[in-house]
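> First the structure, then my questions, so here it is.
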Amino acid sequence: MAGAGDAAKEYVAGSVAGIAQVVVGHPFDTVKVKLQAHNTTAYGKVYKNAFHCTSRILLEEGIRGLYKGASSSFIGIAVESSLFFGTYSQAKQLLQGNYEDGRPHLQVIIPSAACSGALISCILTPTELTKCRMQVQGKDVMHGARYSSPLDCAVKTLESEGLRGLFRGGLTTLFREAIGNAVFFCSYEYSRYWMHKYFDSPRFSSSSHFVLAKDIGIGVMSGGISGMAFWTATLPLDVAKTIIQTDPDPHLSRNPFRILSMVCKRAGMGVCYAGLGPTLARAFPANAAAIVAWEYSAKILGIKRV
């Protein structure tokens, strides 16, 4: 197990990764949330596709419209990502045990990732609720109060729904994070291992320029692939979470499977993957940025990656 100093550095590196992820990925996330919230109602589809949604936001709200709710994301993701990467790294080292061959092992990765994902769902639930409610606002909003800021949204939610309302969608978020992060880190560890094994072979140059380009390239590819794997596996749960958190009906079921069954009956099976285009478009660059930031922050802080 790493000492307290190395453990603290892992959490710092995780925060840097989270900030990089929000900067790159938040506009895509705004489009995804609007598609999930407005294209799954009984009123029919508001947006034809992701491009139509993006153009409407830019025309009606400007570039700032794409970053609605970003302030809560920056705060939440900095803490969440710090715990996410830090807890995963610490749990992985604890479970590594006798596995000293340098290869990834599912029996180490899956419980470490699932534990980390379950932990951060406690932070993600209220921050994503305020973010989603801010994002669905605009000229197309059909109901509900308008919020001037994420803090205003949180205060009004507490006033109208109590503390329980702020954690609406918590169970769905827990499922999404525990399952999705196990998929994410399995994809990351295995793709990173095999790419390093290939490019570290004698056939390639060992110059410092090549090593730098190789490390960045592997970080980009492994991070991007892992992000896309996460969202492909969990998008139906994310659709259910968005509906649970943004629907104005306080008596709406919070069972994600019941919600998915309900929306599939009224809008078809395809609704389970509402927002898939912008989600995958966001997943690759946002997670690539997060992984590169995480790995290089760790390198600068003197943490050795295995």
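Glycine residues also receive a Cβ, built from the backbone N, Cα and C atoms like all the rest.
Since the structure is predicted, the reported quantities are computational estimates derived from the model, not experimental observations.
Sharing the feature lines straight out of TrEMBL:
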| type | residues | note |
| --- | --- | --- |
| REPEAT | 5-94 | repeat 'Solcar' |
| REPEAT | 104-194 | repeat 'Solcar' |
| REPEAT | 214-300 | repeat 'Solcar' |
> Looking at the repeat 'Solcar' (214-300) alone, can you tell me the average pLDDT?
89
> Counting by DSSP, what is the helix, strand and coil composition of the repeat 'Solcar' (214-300)?
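For that range the per-state counts are 75 helix, 0 strand, 12 coil.
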> Give the residue counts of the repeat 'Solcar' (104-194) per reduced DSSP state, in the order helix, strand, coil.
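The breakdown for the repeat 'Solcar' (104-194) reads 72 helix, 0 strand, 19 coil.
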